[in-house]
C-alpha cells in the first residue's frame, strides 16, 4: 500500500516538474516564433558598430521595421537646430519689423477720407476660398509649430498630460486639414492667376514703395498691386511645396529612401516657417495696418476712395466695362457703386 502511494506521488511529481520546466520553453517559442529575430549578441554588435537594427513588419512601409537608424542622428540635429532656428527667426523677425513699421507709419488711412460709396472687389466664391485657405493655414501653422517648438514652450506651461492631449489632437487636425487647404489653394490659383501676372505697372509701384512709407503717395495699380502679387505667388508656390512634401510625409512608403523622407520633412518645415512670416505681414496690412482693407474680404465691398487710392487702374477698368464714370470722392450715406 505504502509503495503504491509512493509510486503515485513520484509520478505526480514528475508530471508537475515536466510542466514547470516545459512552460518557459513554450512561452519563449510563442514570443519569438521566427528564426530571424535579432539576438542579444547581434543587437549589441550592431549598436557598437553603428549599424541599423531591423525587424519584421507587415505594414506597407518596410522602413518602419528599423528599430535603430544611425543615419537619423544628422536629421534630428538639423530638425532640432537649423530648422527650429529658421522658423523662430523668421516669425520673430517679421513681428519686430511690423512693430517698427507701425511705430514709423501708424495706420495707413484713406487720405481723402471715406466716400460713403462702395464698389464690389471680391465675390462670395472668392471670399470663401480665401477664408478657407486662411483658416486651414493658420491651424496648420499653429499645430506644426507645436510639433517643432511646443516641447520647449508649451509643455512647461500646461504640463505633460495636457500637452500630450493637445499634441495628439493637433496632429490629427494637421493631417486632415491639409486636404481642404490644398483644395482652397487650387481654387484661389484658378480665380486670380491671370490678374497676378507681373507687368510694367508693378515696376512703378515698387519704385514708390507702394505708397506705404509716405503719406499721400498712391502709385497706380490694377486689381492686385506688386505687393499683393508677391503674396499671391508666395502662397501658391509655397503652398504647392507644402502640399507635395506633406503628402510625402503622410505616405512615407511612396517618399523613397529614409534620406529622401528626411529631406521632405526639412523642406516642409522651413517653407512653413517662411510662409508663416509672410502671412503675418499679410494679416497685418489687411487688418490693423490699413484702413478699409479688411472690407475687401469681409463684405466684399470696399470704399470707392480706398479703391481709387490703392487700385486706381482697376477702378477705371471696372467702371469702363460697366459703362459708368468713376464716382466722385464726396461723402454721403454708404451705398453700392454698382
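Glycine is no exception: its Cβ is also placed from the backbone N, Cα and C atoms.
What TrEMBL records for 121-297 is domain 'Cytochrome b561 bacterial/Ni-hydrogenase'.
What TrEMBL records for 1-22 is signal peptide.
If you look up TrEMBL, you'll see 85-104 (among others) marked as transmembrane segment. Note on the transmembrane segment (85-104): residues 145, 148-149, 213, 269-270, 272-274, 276-278, 280-281, 284, 288-289 of its chain, located 6 or more positions outside it, place their CB under 8 angstroms from a CB of the stretch.
According to TrEMBL, the feature transmembrane segment maps to 131-157 (among others).
The transmembrane segment annotation in TrEMBL covers 177-194 (among others).
Annotation comment: TrEMBL describes 230-251 (among others) as transmembrane segment. Sequence-remote contacts of a segment are chain residues at least 6 beyond its ends whose Cβ falls under 8 Å from one of its Cβ atoms, and for the transmembrane segment (230-251) they are 133, 137, 175, 178, 181-182, 185, 188-189, 192-193, 196, 224, 260-261, 264-265, 267-268, 271-272, 274-275, 278-279, 282.
The transmembrane segment feature in TrEMBL is assigned to 263-285 (among others).
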Grab the same-chain neighbours of the transmembrane segment (177-194) for me: Cβ-Cβ under 8 Å, and only residues 6 or more beyond its ends, written as numbers and ranges.
125-126, 129-130, 132-133, 136-137, 139-140, 224, 232, 235-236, 239-240, 243, 246, 250
Which bits of the chain, at least 6 residues beyond where the transmembrane segment (131-157) starts or stops, bring a Cβ under 8 A of a Cβ in it?
83-84, 87-88, 163, 166-167, 170-171, 173-174, 177-178, 180-181, 183-185, 188, 235, 239, 269, 272, 275-276, 279, 297
